[in-house]
Each structure stands twice: as structure tokens, then as C-alpha cells.
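To keep things clear, I will list the structure first and then write my remarks on it.
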Amino acid sequence: MNPQLNNLTLPIYMDYQATTPIDPRVMEAMLPYFTTKFGNPHSRSHSFGWEAENAVEEARSMVAKLIGADTKEIIFTSGATESNNLAIKGIAKFYSNKKNHIITVVSEHKCVLDACRHLEQEGIKITYLPIKPNGIIDLETLKNAITDQTMLVSVMVVNNEIGVVQPLKEIGKICREKGVFFHSDIAQGFGKIPIDVNAFNIDLASISGHKIYGPKGIGALYVRKKPRVRVTPLINGGGQERGMRSGTLPTPLIVGLGMAAEIAYSEMEKDTKHVNYLFDRFLNNIHKRISEVYLNGDKNQRYKGNLNLSFAGVEGESMILAIKDLAVSSGSACTSASLEPSYVLRSMGIGEELAHTAIRFGIGRFTTEQEVDYAVNLICSKIDKLRALSPLWEMMQEGIDLKKIKWAVH
């Protein structure tokens, strides 16, 4: 049983970039498809199959509507990791006899970077674009990196670690002018910020259900039909999903993703106001009470549900232990098992000592003002205690530049 404090249930969930709780309305929509409406959506000879197929197609149209796509352009997958792999490897395999170059960014999600490294072993040339100190790519650098051999540019919309929003419209315009396919991992932005695949000239986009208050184990890949984009499938079988992703579709999960998309479509403005208000309250109150706290990533060009903060003079892991009443992360959930400082922060040029102090706080639909105030009070009290114990903080206060110290190795 979770302890309660003035109607506040502890621990407080603040890791919305790792996953989100299922919205009760999503759960309600899914339940019948686990029980009475259990048909296979590919069974065309009876009403159980028709009922499931109708539910799948309705969900498909809900997902498409949220990004301005055509219903037929949505391919269901197991999640954004599979979608990213299908997009990047699928394009590379289909077009490798014509072109052999892909461009991505050093701060992409690990599954994009690993898919690209896999392709490098198969002879595809990969360019990893740097990011500026604010976490955003430089558009001129992108333009200059595109050659006549470039088949794909892959840039995520919202970074999972630092929350910065890349200029997708400008990137899409460059790609279209140069005749290069544009893929975006939109898992952290789908349903949270306005995304229009046509206005942004996006050719492929990866979507995840559990980042928008839907179930885990379901995602989608948007694949443009006009001009047509071709991908070689990763999974062979019955030819479902326009031949791009074989396997029986999990109707309950798809219904959940569809309902989550429908809610996001109708409530995006309300959610955005809520998240922006709590972000400003959290950050302003932290800055009023503690010195040398740094927001990682551009303050304005970002999704404000993500607060990645560095607390100078405090080790991030010790901070997480000290604030165990808050469920937070010191990196992306896929890489936070490692004690290495975040590769995203390091690629922004942030020094190792500050990168090690970074903690990501996630704010979402179900975060309350009371939870944010409790979090701020807890953080401030623990920071003061940890800094009082920290020889590094003492040295910094004495004006010693930690970058210039040569540490002895025992």
C-alpha cells in the first residue's frame, strides 16, 4: 500500500517520458476486446472477425487524424522501437541498390542510433549530425551533409531526455527540395504537440501507444502513399498491414491506441495549458530557492512536460536516492541502467561533472499542482543537505574550477 500524505499518494510519478499511466477511458474502451469481442480482425467469414476489423479500422483512422495522415498510411507495430527499425532498415534495404547514405543526429533515441550502426556494418554510410548547446540541430549543417547518395534523413521531433523540439517543418522542406526521404521518431511528440505530416513533409513517422496514456506493446509507423514510400518488411508472414508488417493484429491494444489518440486530439490544448503551467511553477520555485540549477535544452523550443535539470555539486544518482518519494530518471529508461553520463547531454557540450548531476522530471496529464509543490519542497531540502556534504560543492564555492583538476586514480 502506498503511503498517503495530506491526500497525496507517495511515491509521486514524475517519469512521463519513460511511460504514462493508462487513461481510464482507454482502459474502458479496450476491455470488451479482451472478453466478448475477441474475434481475429483478419477472419472475414463471420461477425466476430468483422466486429474486430471495424474496431481496428476505426482506431487506425483516429491515429491518422492526429497527424493529418490518410488512414491507409498507418501501419500497426509493437511500438516505436519496431517502427524506427522498420523505417530505417526498411528504407535502406529497399533503396540500397540506388543510394547508400543515411543522415541522423547524435542525440536520437538509442534504437535509431543502434539501427544505424547495424546498417553501417552492412556497408551503408551514416552521418551523425551534431547538436548545438541548446540541443537543436543546425539546418545549414544538415543541408551540407546531404549528397546525391542520401536516401533518408531521420530526426526525432521531441527528445526523450531533454524535451527539445527540432524544427521539423524546416527539415522536411530541405528533404523534399533535395529529394530525400524524411523519417521522424515522433513518439514523444505524438498527441502532445501539433504534428502535420503534410505540412512538415514527413515521409515516415514512428508512434508509441504507452507514451500517450495508451497500452504498452502497440505502436504505429506512418508510411506516406503519395509520393509513395517503399520499405522492405522486417517480418514475413500473412502479408497483413499492406505487406509491411505480418502477424495477427492485437485488437485490444489497437483499440487502446486509437482511443488514446482520440482523447489527445480533443484535449491537446487543455493538456498543453496544464503541463505548461506546472512546468513554469516547478522551474520558477526551484530557481527562487536554489542556486546553480540549470535547465538542459532550449527553454522555449521544447515540450514542457520534460524538465531536465542539472544540480551543480550533487551527484545525480545520490539525488535520486535522496528523493525516493519521486519516481524520476537520470537518463532515458533504455539507458539509465548505465552509470555513464547521458550521451545526449555530453553531445550538447555539457561537462561531465554537470552531466552527472542531471535528473529528468516528467509532467503529464495526471500530475497535480500539489504534487509539483511537494516535489519542489523535497528537492530543495535534499539539495541543501547533499551540498553540505559535498566536497565538490565546497570547492566550487571557493572558486576552484573543477574542469582544471587532475584527479588521481587509485
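Think of each number as a place in line: the chain as shown, counted from 1.
Backbone N, Cα and C define each Cβ position, glycine as well.
Site annotation (Swiss-Prot): pyridoxal 5'-phosphate is bound by ALA80, THR81, ASN160, SER208, GLY209, HIS210, THR248, and the candidate from GLN121, GLN149, GLN188 recorded at this site is GLN188. Long-range Cβ proximity for ALA80 (pyridoxal 5'-phosphate binding site), meaning a same-chain Cβ under 8 A and a gap of 6 or more residues, is found for HIS109, CYS111, ASP185, ALA187, SER206, ILE207, SER208, LYS211, GLY219. Residue environment of SER208 (pyridoxal 5'-phosphate binding site) contains 28 other Cβ atoms, counted within 10 Å of its Cβ in all protein chains. The DSSP secondary structure for SER208 (pyridoxal 5'-phosphate binding site) is strand. A simple way to gauge crowding: the CB of GLY209 (pyridoxal 5'-phosphate binding site) has 32 other CB atoms within 10 angstroms, across all the protein chains here. Local packing around the binding-site residues ASN160, THR248 was summarised as the count of other Cβ atoms within 10 Å of each Cβ; on this measure the leading residue is ASN160.
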